[in-house]
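J.: Structure provided below as structure tokens; questions to follow.
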Amino acid sequence: MFGSIDPLLLLASLMVAATPIVFAAIGELVVERAGVLNLGVEGMMITGAVCGFIVAVQTGSPLLGFAGAAVGGAALSLLFAALTQYLLSNQVATGLALTLFGLGLASLLGQGWVGIRAPSVPDLPLGPLRDIPVLGPVLFRHDPMVYLGLLVCLGVWWFLNRTRGGLILRAVGDNHDAAHALGYRVVRVRVLAILFGGAMAGLGGAYLSLVRVPTWTDGITAGAGWIALAIVVFASWRPGRLVIGAYLFGGVAQLQLNLQAAGVRVPVEILSMSPYIATILVLVLLSAGRAPGCLGRSFHAAR
Amino acid sequence: MTEPLLRLSGLTKAYPGVVANRGVSFDIRPGEIHALLGENGAGKSTLVKTIYGLVKPDEGRMAWRGAPFAPGKPSDARAAGVAMVFQHFSLFDALDVAENVALGMENPPPMGELAARIREVSDTYGLPLDPGRIVGDLSAGERQRVEIVRCLLQDPRLLIMDEPTSVLTPQEVEILFETLRKLRSEGTSILYISHKLEEIRALCEHATILRLGEVVATCDPREASAREMAEMMVGSALHRPARAAKAPGEVVLQLDGLTAASPRPFGTALKDVSVEVRAGEVLGIGGVAGNGQDELLLALSGEMRTAAEMVRLKGAPVGRLGPTARRRLGLLCAPEERNGHASAPDMSLTENALLTGGVRKGMIRKGFLDWGKARGFAEEVIRGFDVRTPGPGAAARSLSGGNLQKFVIGREILQAPQVLVVNQPTWGVDAAAAAAIRQALLDLAAGGAAVIVVSQDLDELMEISDRFAALNGGALSAPVPTGGLTVHRIGLMLGGAHDMEVAHVEA
């Protein structure tokens, strides 16, 4: 009964399915390591999705589309940064509001763009690598964004663990009072982290509207932002585990779609649940980390 | 006389509603250890933050070796040669020692080189440190070493130390003083902030005393007595608690092999704690922060359950009972951290009175609250303990530290406990309020209750307790009578100088 599922195709589509989550989650990871809990990932993703789609269709260039998506996501996150870092609003409430606002805004912007097909994104020409048996189709026949996502994760790991900027960011997230006492600009570090998180969420959203679907429909993110948030926590705020978590989720999501198509006699609802359950189970078993010390706490120099 | 290293002239800084510093002027000479003395709230912290570039003064000037000095941010001050060891708030638990040190430096060398230099400096000054350890796992003394080594790596001209000994055992204090004397002999000036007068007499050659933001006196601490300096700090004669000698009564509280894991990360497990407390006696429990004090309090209050017979109240096992049931039986606790644990900061004093007093004072009937009674009780506490507040409707947060502490202790005392357990009853409280609280605890014991005082202030324990026991690594020493105890003996009971092997402290 599994005969109709091609394992190579499954593995290849796994990388594609995981990419939006990789982008959104790595952005949120940086935000949370700086001590900020931004629950607005879903809203920033879908804003990025619609901005990227509009720019790409207007200009005919997917590259400009992705740039527009990053700008759109970052712009929405700037709202969050202003509210939480300067006006000291509650981060949880503001993040939830940002998600609702982003969903509404995207729906508004997207009116009139439904049903149009996005300009296609060509695969990265990797030359002879494409023709390696088995590995070629699985690993080397994807669009550039798949690889960019992995590069960003590697870069974030390197930044956090090997650079002074990353050390300062972790210090701000662990103990903002101490960082302030040593003369670091807590608010500035956090605003920059929030902007990065917004831009990455925007890229993740645009990957859905430009590559994965590739067209604009309302509610296109369908909870991917929430999955990204959960993966950050269960990955213990470590980039390596985050990639594992996102790929696992993408893999099970693809598998259950294929199983549905193959007509397996398991209720569709249970199959649809399976990626979420599998991801949470595995990451809970792996998780060992400690949350950043100041996660979700507002910073004010006088307190 | 040589040119001063740092001259402060007329520094004034006002915050909304309070003047933190008013016209503060004094000199720090090269190679001297200069004490800055004052009560909590006297303006010491604001003053050193000004020197370190964290606070901009409203008026006044500073001169560094004769040249104008106005650091706009800490890195300016560090560049000039000012280094600061903070009282708290400046280490990162999740990072390792080398990373913590790197964050305090302007241009840290690569990590490998930095680790080597940390080892070198820490050996030179007798402060052993492993650069690869995570700071959250270090003892309080080791954490302070990290801060000091971080400062020393920058070759400071002026080292500011804010209350450095509050977390150290007497032996660790002696090691610290040796380090500071060595630094002085090398020409480094030290600004030493404390309210521990004996330490200042042992270490410093010059003292400036602040009260309510103003310099009220200067003296040579080697010549002034501790009592004279204390009275300069407080501005009035100090009242010493008086105690009436009394034969202890029957055993009311009994801990029998109390063993429990800590419910907190980086906490300390309790190991086989056994002790008896009699009616009319005050048992003092000392120890360096993080050696099981919090866990002992949780086990006594009922916030952490243990096997039933590990805690007995008048012979009845209560180890499995929760806080409310224990309160009903007469075992009351006043925890540390008045803002957050002992009180709900955003609730009114009436509500806070009801939260612990509800059961014993009959303010709760069939699930309904008797607000009239609660307000009456809050007013009784406010009157009885001279709590300065507009009234029982004020939020707990709005009270000053000393006043809120008087309220949370008074609230328990007026419930007529059989056993009262208090943790750090006078931490961060001005001397007059501290004396009042200690007197109230002694009066309670004289009235026939058993009192357990957990504190890191050894002078306080010597002053009020009949017997003394030490917590070290979660184990409690056998209690000894307080009369005739020496500081050295207490130091050994507290575990002596903690070295690298003894690392279990969350500060």
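Cβ atoms are placed via backbone N, Cα and C, with glycine included.
The following feature annotations were taken from TrEMBL:
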TRANSMEM  A:63-83  transmembrane segment
TRANSMEM  A:95-116  transmembrane segment
TRANSMEM  A:144-160  transmembrane segment
TRANSMEM  A:191-210  transmembrane segment
TRANSMEM  A:216-235  transmembrane segment
TRANSMEM  A:242-264  transmembrane segment
TRANSMEM  A:270-288  transmembrane segment
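Describe the structural context of these features.
T.: Listed as Cβ neighbours of the transmembrane segment (A:144-160) (distance under 8 Å, sequence separation of 6 or more from its ends, same chain) are residues 15-16, 19, 22-23, 26, 29-30, 33, 66, 121, 124, 166, 169-170, 200, 203, 207, 211, 239-240, 242-243.
Within the same chain, residues 19-24, 26-28, 30-31, 33-34, 36, 38, 41, 44-53, 56, 62, 65-66, 68-78, 80-81, 84-85, 118-119, 121, 145, 152, 169, 216, 220-221, 224-225, 228 sit at least 6 positions outside the transmembrane segment (A:191-210) and bring their C-beta atoms closer than 8 Å to a C-beta of that stretch.
If you look at the transmembrane segment (A:216-235), the same-chain residues 6 or more away from its ends with a CB under 8 A from one of its CBs are 20-21, 24-25, 28-29, 32, 39-46, 49-50, 53, 99, 103, 106-107, 110, 113-114, 116, 118, 201, 204-205, 208-209, 241-242, 244-246, 249, 276, 279-280, 283-284, 286-287, 289, 291.
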J.: How about long-range neighbours of the transmembrane segment (A:63-83): same chain, 6 or more residues beyond its ends, C-beta under 8 Å?
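T.: Distant Cβ neighbours of the transmembrane segment (A:63-83) are 38, 40, 43-45, 47-57, 89, 94-95, 98, 101-102, 105, 118-119, 145, 190-191, 194-203, 205-206, 210.
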J.: Counting only residues 6+ away from its ends, which parts of the chain sit with a Cβ under 8 Å from the transmembrane segment (A:270-288)?
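T.: The answer is 227, 230-231, 233-236, 241, 244-245, 248-249, 252-253, 255-256, 259-260, 264.
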